[in-house]
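Some notes on the structure that comes next.
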Amino acid sequence: MFMIVKKERLTPLVYRMEVEAPRVAESALPGQFLIVRTEEKGERVPLTISDYDPGRGTVTIVTQEIGASTKDICSFEEGQSFADVVGPLGMPSEFVGKTPEQLAGQRYVFIAGGVGAAPVFPQVKWLHSRGVPVDVIIGAKTSSLLIYKEEMAMCCDNLYICTDDGSEGFHGMVTGLLENLVLEQGRQYTMSVAIGPMIMMKFAALTAKRLGLPITVSLNTLMVDGTGMCGACRVTVGGKTRFACVEGPEFDGYEVDFDEAMRRQTMYRSEEKEAGPHICKIDIRN
Ligand code: NAD
Ligand code: FES
């Protein structure tokens, strides 16, 4: 159970793993996440689901080595098993609950920053398979850090690439490219979805607001239990406290207090460094 059936390195620090988890695969939907523990008493690491295949009984996770626990996950090889994979957790993306009539006439643009391209993928696939027009922007610091280009190209209408250093595609950040598409190239959208670093989602929301475009963001908050009991994942949305693990992770980007969310994200950073892999906190959903 929870055996890694396939492992690939996507960039020097980012790995994709297909993991046996039939019950999670059977009920997973775009937008949801799961919690992985490499050993019985290990840290509970929340990771967004990057794909799921009920036929094969597998789910796919994409993990960036950015701390002790993600390094631990990435060190697992094909044939080895995680102690626990719990999910699917959180609410599915809002469009999953829409009828074909409600989806008719919609045109989505997804804004994926860095590793955020992985959780964008199942959402794009879901909409594309239902005939909803979808454009995708993928941004990364440099060309070699772009992920999911080929996969995304196969299930979207238009794929737009940008890099901070101009090594591939548009020279600039995802927000600059979104503005360029709408203001310079006259692309029209009814909805946008941004997934990536918190700072990117903050500026994507500000940009979308300026363009009059609604936006959903997926919040990678601190998480501990992932079931609405501990309060670690609390965020302020529209002036109200919400729990990202059970009420999210997706929220209306106009309403999120990103500055507070970013402060909370860094709250345990020094403790994590000191404690190595054993501290009970998590802010590393990739
Ligand atoms: P990164 O820092 O390389 O940024 C990726 C892209 O985001 C950049 O190329 C740029 O286009 C855009 N961006 C970054 N800062 C921006 C700003 N201030 N304004 C506008 N655009 C900006 O990304 P990375 O290193 O791949 O990201 C890793 C982080 O993403 C981790 O902290 C991880 O937790 C988070 N993440 C979050 C989710 C989620 O569910 N929200 C999913 C995956 C990864
Ligand atoms: Fe504990 Fe959300 S992670 S309430």
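Cβ atoms here come from the backbone N, Cα and C positions, even for glycine.
In TrEMBL, annotation is done automatically, which means it is predicted and not curated.
The following features are taken from TrEMBL:
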- 1-95: domain 'FAD-binding FR-type' (DOMAIN)
- V62, T63, Q64: FAD binding site (BINDING)
- C230, C233, C245: [2Fe-2S] cluster binding site (BINDING)
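Cβ neighbour count for T63 (FAD binding site) (all protein chains, 10 Å cutoff from its Cβ): 27.
Counting residue by residue with DSSP, the domain 'FAD-binding FR-type' (1-95) contains 15 helix, 44 strand, 36 coil. Here the domain 'FAD-binding FR-type' (1-95) has a mean pLDDT of 94 out of 100.
Under the DSSP three-state reduction, C245 ([2Fe-2S] cluster binding site) is assigned to helix. In the vicinity of ligand 2, defined as a Cβ distance under 6 Å, the following of the binding-site residues V62, T63, Q64, C230, C233, C245 are placed: C230, C233, C245. Most Cβ neighbours within 10 Å among the binding-site residues V62, C245: this distinction goes to C245.
Under the DSSP three-state reduction, C233 ([2Fe-2S] cluster binding site) is assigned to coil, being neither helix nor strand. There are 23 other Cβ atoms within 10 Å of the Cβ belonging to Q64 (FAD binding site).
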